[in-house]
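Worksheet: one structure, shown below.
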Amino acid sequence: MANKYFSSVLKSLLLLLHLVFLSKQHVDSASIVKFLPGFEGPLPFELETGYIGIGEEEEVQLFYYFIKSERNPKEDPLILWLTGGPGCSSISGLLFENGPLTMKLDVYNGTLPSLVSTTYSWTKTSSMIFLDQPVGTGFSYSRTQQFNKPSDSGEAKRIHEFLQKWLGKHQEFSSNPFYVAGDSYSGLVVPATVQEISKGNYECCNPPINLQGYVLGNPLTDYAIDSNSRIPFAHGMALISDELYESLKKTCKGEYTNVHPRNTQCLKFIEEFNKCTNRILQQLILDPLCETETPDCYIYRYLLTTYWANDATVREALQINKESIGEWVRCYRTIPYDNDIKSSMPYHVNNSISGYRSLIYSGDHDLEVPYLGTQAWIRSLNYSIIDDWRPWMIKNQIAGYTRTYANKMTFATIKGGGHTIEFKPEEASIMFQRWINGQPL
């Protein structure tokens, strides 16, 4: 009887140890993915997916997609891509903006949506990490309920920790030139992350990261400057009349966001402005505002991606932990989060003093974060201009306009572009390749 009891206890202990081992094995796990459901044949590039544990107990598990450069991964730059939101999966970058795959826009018929290769991937000349952050975004999750609520400044620290651990497990990339990139809301997080990495390079006891600079597209940078640029932008794009614009300027005096409740005249004209623009697609004012998700609407790809990412065979191929999350959503709009950085301009200044390169680009038909606001905050930094406003060309056609500053900052517009580069991926790719290779746009 005693032997039976001892045997039972021993089996239970062994099972417990096995489960603990599996749990520890999953932390910082990584898998090479050679085939993806929906894509015909083997992948024509090297894809790795995995989790990196963050925090003292590694309670936060951040999921990433890593794609090696198709040119020379031993020497090419390493780019960390952060999608905006906060709470939007980095799959938005991978499948819609600058990755080697995208969704095939077929009408959904109940079967798994298809993936096809792109011609504009940034991985042609750079290795890229697409990171799902903050926790709760994409396939990233927490193993417990005990973790600090994500915030802008907190994410800069978590991302830095992620990079230290990731590079510790991928030491062959530790000497590659490293850049942080992102768009939209990442305009607040990326500059803070760059500063955090820079500071960490001078502290004990981790190897320094070969940080060279950062890239930002239509970046939310300063709430006041960016939001107050929408009305001048709308006027310049003929969305509102001269008379309404003059009335807005006169009564609101440049403050269109935090209007005093007693300023009824300003509020009245802002209501008129909203009536003129509420049926405009803010991300790209040239495109129709879709009523339904149909294949001719740009958001249809988001629907297809949701079906794809929630398919069991896809999750198995990506090696997603079954206990991580329930339904995958592209953007977790109600994610618990503290927006504690109201302006990232001080971070830009500090990063500039530290000598880092930066490329700031704007799709010039974005009403959400208009290029006028981006130009305004760059202008307020009072950097000397070394290459003044000029067109940049693709095949003898104007693709946008650019200006270069003495602090290694390059600003560029993408003609006809929107809030993200999914609207002009080919042009954005050429712009990026020139900049990352040290060539003038």
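Note: Cβ is positioned from N, Cα and C throughout, glycine not excepted.
What Swiss-Prot says about this one:
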ACT_SITE  SER184  active site
ACT_SITE  ASP366  active site
ACT_SITE  HIS419  active site
DISULFID  CYS88-CYS331  disulfide bond
DISULFID  CYS252-CYS266  disulfide bond
DISULFID  CYS290-CYS297  disulfide bond
CARBOHYD  ASN109  N-linked glycosylation site
CARBOHYD  ASN350  N-linked glycosylation site
CARBOHYD  ASN382  N-linked glycosylation site
SIGNAL    1-29  signal peptide
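Feature map: annotations from Swiss-Prot on the structure.
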residue	record	DSSP class
ASN109	N-linked glycosylation site	coil
SER184	active site	coil
CYS252	disulfide bond	helix
CYS266	disulfide bond	helix
CYS290	disulfide bond	coil
CYS297	disulfide bond	coil
CYS331	disulfide bond	strand
ASN350	N-linked glycosylation site	helix
ASP366	active site	coil
ASN382	N-linked glycosylation site	coil
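The two recorded residues, ASP366 (active site) and HIS419 (active site), have Cα atoms 5 Å apart. In terms of C-alpha distance, the listed recorded positions ASN109, CYS252, CYS266, CYS331 place CYS331 closest to CYS290 (disulfide bond). Taking the Cα atom of each, CYS297 (disulfide bond) and HIS419 (active site) are about 16 angstrom apart. Each residue contributes its Cα atom, and for ASN109 (N-linked glycosylation site) and CYS88 (disulfide bond) these two points are 26 Å apart. Cα separation, CYS88 (disulfide bond) to CYS266 (disulfide bond), rounded: 34 Å. Each residue contributes its Cα atom, and for SER184 (active site) and HIS419 (active site) these two points are 7 Å apart. In three-state terms derived from DSSP, CYS88 (disulfide bond) belongs to an extended strand segment.
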